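The Mg(2+) 1 binding site annotation in TrEMBL covers Glu65, Asp88, Asp91, Asp212. Annotated Mg(2+) 2 binding site per TrEMBL: Ile90, in sequence order.
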Amino acid sequence: MNHWKLDNIFECLRQAGAVALKFRCAAEVALKPDHTVVTIADREIEAMLAAKFNRPEAGCYMIGEESIAECSEAYLQEAFRNLCYVVDPIDGTAPYSTDVPLWGISIGLMENGVLTEGAIYLPGPDEALVSCRGTIWSAKRLQGNSPEVAPFEAVRTPLGQAGHISVGQFAAKHWDIRLPNQIFAWSSCVGSGYYLLKGLLLAYVLRSKLWDLAGVMPLVKAAGFEARFPDGAPFDFRIASGGQFALDAAGPHRWRLNDDLIIAPDREAIDYIRNHVTLIQA
């Protein structure tokens with residue numbers, strides 16, 4: 001597969017979406033050791049993407065949510081030194097398994113351990129967003145015969161009490177949130193990132209794993225949005241060396257962010273959230 005070309009990425013997303021839609025209403029749910037759910041669609045999509053991306057002989061690797069446990073440490077080290085696609089076949093498996101259309105497909109690209117490009121696709125609204133060299137591209141009606149492809153301009157929700165905020169499961173369960181704003185806990189990085197960039201959310205708070213956010217974060221950067229931790233430090237796209245992910249093979253939370261990340265259109269919105277929340281349980 002050619003290196004991050006729009007047509008190829010859109011086609012990968014379309015194919016993955018078609019598989020997910022095929023199983024949507026008949027997905028058998030299993031519980032993984034980390035208490036998250038998985039379906040047959042997750043596994044079929046990841047296998048399909050692996051056939052395209054996992055080519056170590058060509059210096060191209062793939063880290064996927066459902067297959068990473070099968071990767072050797074030697075393979076993972078090479079993945080961080082070379083070209084590596086980071087995929088979540090269905091981000092938001094919980095909404096997917098209950099037929100709530102907030103789920104999607106996520107593909108990120110790392111080069112030498114640095115997250116550089118990202119793509120997300122929500123088959124519900126049938127729109128994909130893909131970053132490419134600093135520009136975001138949208139493809140609407142991707143499942144149709146003639147998708148509408150055009151540059152995408154992110155919409156910035158103005159700061160105020162009317163702005164909705166999406167939070168991940170960690171913040172929902174461990175934060176004391178004293179905000180008048182409506183709070184959602186959607187269990188989907190792709191869904192939250194998409195609606196943030198569409199201007200329907202004021203902010204998104206997450207403490208997710210690498211594959212959850214790999215498609216979203218390059219889009220956030222290309223849109224010029226802010227992404228910061230509670231101490232004010234910016235998100236570091238140097239995944240391998242930035243120190244913001246738990247990468248120790250023996251650690252209990254490997255691949256997860258070490259702290260909550262707040263994404264919003266600007267620093268003012270991030271500070272608004274930081275000043276109204278308290279961590280009540282680590």
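Each residue, glycine too, has its Cβ placed from N, Cα and C.
Feature annotations (TrEMBL) mapped to structure.
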residue	record	Cβ neighbours (10 Å)
Glu65	Mg(2+) 1 binding site	24
Asp88	Mg(2+) 1 binding site	34
Ile90	Mg(2+) 2 binding site	34
Asp91	Mg(2+) 1 binding site	32
Asp212	Mg(2+) 1 binding site	27
Reduced DSSP assignment, Asp91 (Mg(2+) 1 binding site): strand
Ile90 (Mg(2+) 2 binding site) and Asp212 (Mg(2+) 1 binding site), Cα-Cα, nearest whole angstrom: 9
Beyond the site residues Glu65, Asp88, Asp91, Asp212: chain residues whose C-beta lies within 8 Å of the centroid, for Mg(2+) 1: Val87, Pro89, Ile90, Ser106, Cys189, Val190, Ser208, Lys209, Trp211, Ala214
Conformational class of Asp212 (Mg(2+) 1 binding site) under the three-state DSSP mapping: helix
